[in-house]
Amino acid sequence: MPYIVDVYAREVLDSRGNPTVEVEVYTETGAFGRALVPSGASTGEYEAVELRDGDKDRYLGKGVLTAVNNVNEIISPELLGFDVTEQNAIDQLLIELDGTENKGKLGANAILGVSMACARAAADFLQIPLYQYLGGFNSKTLPVPMMNIVNGGEHADNNVDIQEFMIMPVGAPNFREALRMGAQIFHSLKSVLSAKGMNTAVGDEGGFAPNLGSNEEALQTIVEAIEKAGFKPGEEVKLAMDAASSEFYNKEDGKYHLSGEGVVKTSAEMVDWYEEMVSKYPIISIEDGLDENDWEGHKLLTERLGKKVQLVGDDLFVTNTKKLAEGIKNGVGNSILIKVNQIGTLTETFDAIEMAKRAGYTAVISHRSGETEDSTIADIAVATNAGQIKTGAPSRTDRVAKYNQLLRIEDQLAETAQYHGINSFYNLNK
């Protein structure tokens, strides 16, 4: 039997040069799993706690030796002798060992590393791909990539307030063609920006981070790049935005301060602006359009746009079934962003996806801005037949690692692989 004989964690670096946790799980059969934990820049108020050491003389306070020690000294002894294929039991033990609502005792970064490494070791023992281990033999849907090609907000040092402007190749016949389309548009955008004398350096997630005249100019420029690459905006390629508006929401006056444009908007005015942008550009998805605590604003946005635009809750739902249940009950949003480190275990992640689907919400599997070479989320996207993945531009190895893993999976699935394109938005009037 694949009993666990050792669980070992170490401190490694993520794509931003900040420390993160890597965990290795060893079994008596020789089956082995390794996982690296991602980290976010714009984080939701209700996310599970990422444990940092706080020692300013070491990695500017961002060290994770406390989380590493929690794995090696507290979690590891408790898992010895466990059957590594008992994912639910392992995750439940991790939750109980921590004993807090937000995983603040052991750290979500410690717990998640163990949860993912155990899943990899189990797949290794069974000699099947990770996506198949996690999702079974019906796991065959390749996701539509949501590719962040213009970065702003917390992800870039520029004057753009909206954090992410993305493209979605919904008209592609399969995943590899979708990736090709995205890559060609990315290169086309580079030449468009260059011709305008704009900066073509990339941000945390591989997208470009130019200074633009307005947030709308980002949409205009992307449409120009899509056409220059030879594709039809709206028909073959849709646009998506992640406003991450909690980052520019002012709690004191309850308004949205778009400092890049020098304007201040109320919730209703933000909704008006989104409605105007949707009428002018082929936008199919808006994430965190309003502050995570502005439930009235989110409800208004859902009433106005929820039938024709995917309204994704990231900071709003933080991959948490309690927050999602509240959203479903109040008619807020129609989609959830899934980030494994927001909740801390694979079991809880899959519970959130299941709840979303039962309620008719879509689920978008997502990276974080601080990523690694770990490609687990690619397997999760296929395992859950989620239909969408958000993992940055086709640039930077930490982003491309996920796309390359999806190419491998599509190859393995061969003629059984499915790519639903526009039909991934099954709850919209398309």
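Each position is counted from 1, following the chain as shown.
Just so you know, glycine gets a Cβ as well, placed from its N, Cα and C.
Fair warning: this is a prediction, and the values are worked out from it, not measured in the lab.
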Swiss-Prot annotation, (2R)-2-phosphoglycerate site containing Gln163, Lys339, Arg368, Ser369 - matching residue among Lys140, Lys190, Lys308, Lys390: Lys390
Additional site residue, Glu269, Glu275, Glu287, Glu348 [criterion: listed by Swiss-Prot with Asp242, Asp314 for Mg(2+)]: Glu287
Asp242, Glu287, Asp314, Lys339, Ser369 screened against Glu205 (active site, proton donor), Cα within 10 Å - retained recorded positions: Ser369
Around the Cβ of Glu287 (Mg(2+) binding site), the count of other Cβ atoms that are within 10 Å: 27
Closest of Asp242, Glu287, Asp314, Lys339 to Arg368 ((2R)-2-phosphoglycerate binding site), Cα positions, recorded positions only: Lys339
Asp242 (Mg(2+) binding site) versus recorded positions Gln163, Lys339, Ser369 - nearest by Cα: Gln163
Shortest C-alpha distance to Asp314 (Mg(2+) binding site) - which of the recorded positions Gln163, Lys339, Ser369, Lys390: Lys339
